[in-house]
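Comments concern the structure below.
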Amino acid sequence: LQNMKMVPVPEKAYGTFFEGDCYIIMHTKGTSCSSAVDLHYWIGKDSSQDEQGAAALYVTQLDNALKGNPVQHREVQGHESETFQSYFRNGIIYKKGGLASGFKHVETNMYNIKRLLHVKGKKHVSATEVALSWDSFNKGDVFLLDLGKVLIQWNGPSCSVAEKSRGLALARSIRDSERGGRAQIGIIDNEKDSPDLMQIMKMVLGERRGELQDAIPDVKADELQKANVRLYHVYEKDNDLVVQEIATRPLTQDLLQHEDCYILDQGGFKIYVWRGKASSLEEKKAAFTRAVGFIQAKGYPSSTNIEVINDGAESAMFKQLFQRWTEKDETQGLGKVYTTSKIAKVEQVKFDTTQLHARPELAAEQRMVDDASGEVEVWRIEDLQMQPVNPKTYGQFYGGDCYLVLYTYLRSGRPHYVLYMWQGRHASVDEITACALNAIELDKKHGDEAVQVRVTMGKEPTHFLAIFKGKLVIYEGGTSRAQKSTPEPAIRLFQVRGTDEMNTKATEVPARAASLNSNDVFLLTTSQVCYLWCGKGCSGDEREMAKMVADIVSKRDKYTILEGQEPAEFWEALGGKAPYASEKRFQEQITHYQPRLFECSNQTGRFIMTEVVGFCQEDLDEDDVMLLDTWEEIFLWIGKASNTYERNEAIASAKEYLKTHPAGRDLATPIILVKQGYEPLNFTGWFNAWDPYKW
């Protein structure tokens, strides 16, 4: 903003901000069917109150011109949102001064420069102009001494590889955008090895006296703080602003009434203002001022992030703070509809597995590593050791046991491994621990290349179903060991779901009439017979699959009965008639969840995650542990050079992430451990243009 007017910034200078000014950034992201617009106003730490007010006003006007579709953000220097930082991949540079004091964005005589930049951050890089003195330095960060024709990058002794490479990317971007590529870059990684460059530094900064400061730890909000979401209703009463708390987590979508405006406070880390479609114009206009007032009233720092959202045009970040967010008439992914309720039924979609290699994004969407034609080996944990399971009974899992399933498949001529750890609901803590320990041993035998998947009983992933070719049966309790401690029940009831060999499983349910559901096929086994009960809503394919499963769970004669034509013996076996779920297929659509990538760190004893918005393969650094959340599963990507503590804590971090997620996530969500260089297709498919030879 110059003299309260909006003046375009030359593209060359994108990412460089004067500390004395305010800026407006508009970002448009087009998809095949729609485009999303984000409007940000950025406040420099030395900008005037008038300019800040004008910036907020312009954003509101732009929002009106764009019919209230954009998401609006207030950004404060040094505390920018992850979304804002994702626009400037090489980093953000803060320059002293401002337009009012005669500074220009692109200088013509660009060699007459002497400045020191303090570079911070690993995933999100920012560079601040600091005093030209050794006192500005510390041991943990990268510093750039910019002398116009020469740029010297000084790396602190305790910098990570990623910080050094991000620093270099920033130095190159200054050379290319501000110096037309005509500047030399020198790097000091160890002062003793670079006497010539140190000589130049001493000429500019003088001799260094005394020790350098220690590294300064970044202050970041941890996950517990971000999980503390509260929703407030904001309204005016007799010229006074009333802010009334109405709910804490887990929040549900129905709390938001179209006639009102609300403030959602995410633990003081970020403030959202939601504006109902039918709220008054005055209310909509006052959104930013109210949020700023709220921050002051709460005693939060004035740098707190603010996002203003319109009813019907919510951002992905906002939706993910709710337990469930449904869009009108939206089906999910490849024609699959998410369903929740007891009567719900997942529409099974046939897809061509031969396309998986050509289209990794399909592998990701369908959660399939390959076409399930590889080799399967199964072990049961017995006396805390691995006991091979008889291949004739592969696919039968008992709730009192833990199992290891090793799946081997070929990709470009060499073997790849997926190791499933299946945990029974009634298995002992010792067995669950032994299962994890044996998995590590088994992984070592296969060169530490296996993808490890933690499977909780009842939450088996798609690929797991596919490798058992329609013969997956899950028994509620008991064990598959030779000497069984308890006799098997005489009467059992199984619910069968699936339309082909790739997606079928039978799950034991309580043998009572209330367990039935008109949309499915059930198998009722007694000591004399096995009934195939076909609900009104089941298809021919489902009946065929149930016949196949019936031969596994019972050696008795099979009788097919249709719903409504049951013999008296059927109800007797179930302990008498009772109401059960019989409404027509009920489908609840849940928003297509956007995958999110985080860098995990719990070095400081606090669990901290940094989100990388608009992620790509470049964001996976060798010394990282990264978490990819695709809603149906959690991937942990382990970099080759990540530290042992973070590697060992990875699974605990993923569980902590699910536990503290504001949306109240299912703690049984599969957690998948992936190692750098051995990524399966259902992981790489979430990344655009994955390069398998990068490492």
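Just so it is clear, glycine is given a Cβ too, placed from its N, Cα and C backbone atoms.
Because TrEMBL annotations are produced automatically, they should be read as predictions rather than curated entries.
Pulled from TrEMBL, these are the features on record:
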- 4-84: domain 'Gelsolin-like' (DOMAIN)
- 125-197: domain 'Gelsolin-like' (DOMAIN)
- 247-319: domain 'Gelsolin-like' (DOMAIN)
- 386-465: domain 'Gelsolin-like' (DOMAIN)
- 504-571: domain 'Gelsolin-like' (DOMAIN)
- 607-683: domain 'Gelsolin-like' (DOMAIN)
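The stretches the domain 'Gelsolin-like' (386-465) and the domain 'Gelsolin-like' (607-683) meet in space: the count of Cβ pairs below 8 angstroms, excluding pairs fewer than 6 apart in sequence, reaches at least three. Per DSSP, the secondary structure of the domain 'Gelsolin-like' (504-571) breaks down as 21 helix, 23 strand, 24 coil. Sorting the domain 'Gelsolin-like' (4-84) by DSSP state (H, G, I as helix; E, B as strand; all else coil) yields 23 helix, 28 strand, 30 coil. Residue counts for the domain 'Gelsolin-like' (125-197) under DSSP (helix as H, G, I; strand as E, B; rest coil) come to 27 helix, 22 strand, 24 coil.
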